[in-house]
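The structure appears right after this line, and notes come after that.
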Amino acid sequence: MGKTEYQHKVRLKKGQVIEVPIRRIGINGEGIGYHQQQVVFIDGAIPGEIVSARVTQVKPSFVRAKLIKWKKKSAYRVEPRCPVYHQCGGCQLQHIDRRMQRRLKRELLEEAFVKYTRLSTIPIEPTITMDDPWFYRNKAQLPVSMIAGKVVMGMYSASSRRLVDVSDCLVQHPLINKTLQTARDISEKLGISIYDEKKHEGVLRHLVARISFATGEIQLVLVTRTKTFPQEQAFVAEMCKQAPQVKSIILNHNPNRTSLVLGEKNRLLWGKEKLEERIGDLVFLLSPRAFFQLNPLQTEKLYDEVAKVAHLTGTETVVDAYCGVGTIGLWLAAKAKRVIGVEVIPDAVADAKENAKRNGIENAEFYTGQAEALLPVWAGEGLRPDVVVVDPPRTGLHDALIDTLLNLKVPRIVYVSCNPATLAKDCDRLLRGGYSLKKVVPLDMFPQTAHVESVTLMTREDQ
Ligand code: SAH
């Protein structure tokens, strides 16, 4: 153990007040600074600030501290607009000016590449911005709970298991807020039994609503522990009366003790089975369980960027791995010879096929399975994609998928990412396998939050 390291352990104690200059933000939006070479995480502190903070946690590799007061305040500090910003935890950057939010997120992306690859200069482009950074989300899924005889719907705060009422969320589409409030009030009025997580008893667990920005129509999903509940008809009747924007009411049965919101089975209680959304000229039908981008306005810009870097001429075979309801593949189909999508959720694949038909697209096929399992099989059968688009969950790409991309020497890989760390690690493997990093484009998908979305292009010249 080095001398300095030893000193920190002795010196920094819980409760101690330290002065810390803040250098950057972490992946959860927290301020990061150094005290005697020890990394200190301070929620709510902004790079450029110098703060006094009380140590709350001491770990071998880092210290957490609570901001007490400022010695120097950032010129980019702004008053958070949301009244429950500090309790909720859903947003992490509302206290920072918008332009600075973008700059810091861009730096997070750059730092990830510097940390996980051997590159010294990272080709990061300017961020694709969003005009109005509020009310952009098209979907909310909120747990409900019975607290002192009232039905409360909200988010579990980041630091505790306490439910914070977020029924007027400022990044959510206002009609989603209104619909969920109505559903909550009706549940209370009808005396619908509310799920008790600890006892695993009761009925209503979550309220989920998704809006189509194109039509203003809403799909409401009631997630219940039981297959049916006595007030079903009355709930539907009241909901239709009070919320004409709701065009689809679905019961999702989730009987398990689980942290997953949705269960496997859906039953249509009333209205349309699927929600119809439009991005650009394309129409998409969405099942309750299918993933769809959360910010429809920015999605069009995201897909345009994917199309731009995919650089199609009409002769290419494109694989859309992690295709969801087929959106990216269908977006690219007009400029490709053939599109093949793969996705694990069968409902989403069924939607993707239907979406292809609905849009008159005949050169796109969709398959259910894991990208890392199917791509090697197709490669074995002779498939040689010219472009592979990957848009994986936060965990990034499976090793087997990267191996297949390397074996096939796919000329162009377009990587849509919501997690800079896994993106950079995966890119590093591709770099070591002969790829070059052409560009990384940050996109403002989740303003007010620390989430970083980006489109990356990797190419190789040796096929
Ligand atoms: N590209 C789509 C969806 C991206 S979200 C869009 O823009 O809407 C990631 C998707 O990957 C989800 O639909 C998820 O169900 C799916 N998925 C997760 N793991 C997968 C795997 N191993 N193979 C294929 N799809 C997977």
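The backbone N, Cα and C atoms fix where each Cβ goes, glycine too.
Within 10 Å of the C-beta of Cys418 (active site, nucleophile) there are 18 other C-beta atoms, taking all protein chains into account. The feature active site, nucleophile is assigned by TrEMBL to Cys418.
Residues or ranges marked as active site in TrEMBL: Cys418. DSSP assigns Cys418 (active site, nucleophile) to coil in the three-state reduction, placing it in neither a helix nor a strand.
Taking a C-beta cut-off of under 8 Å and a sequence gap of six or more, Glu343 (S-adenosyl-L-methionine binding site) has these contacts in its own chain: Tyr322, Cys323, Gly324, Gly326, Val349, Ala352, Phe366, Tyr367, Thr368, Gly369. Classification of Glu343 (S-adenosyl-L-methionine binding site) by DSSP places it within a strand. The S-adenosyl-L-methionine binding site annotation in TrEMBL covers Gln293, Tyr322, Glu343, Asp391.
Annotation source TrEMBL lists domain 'TRAM' at 11-69.
Across the residues the record lists as binding S-adenosyl-L-methionine (Gln293, Tyr322, Glu343, Asp391), the two Cα atoms farthest apart are 15 Å from each other. For the pair Gln293 (S-adenosyl-L-methionine binding site) and Cys418 (active site, nucleophile), the Cα-Cα distance reads 11 Å. In this structure the alpha carbons, written CA, of Asp391 (S-adenosyl-L-methionine binding site) and Cys418 (active site, nucleophile) are 8 Å apart.
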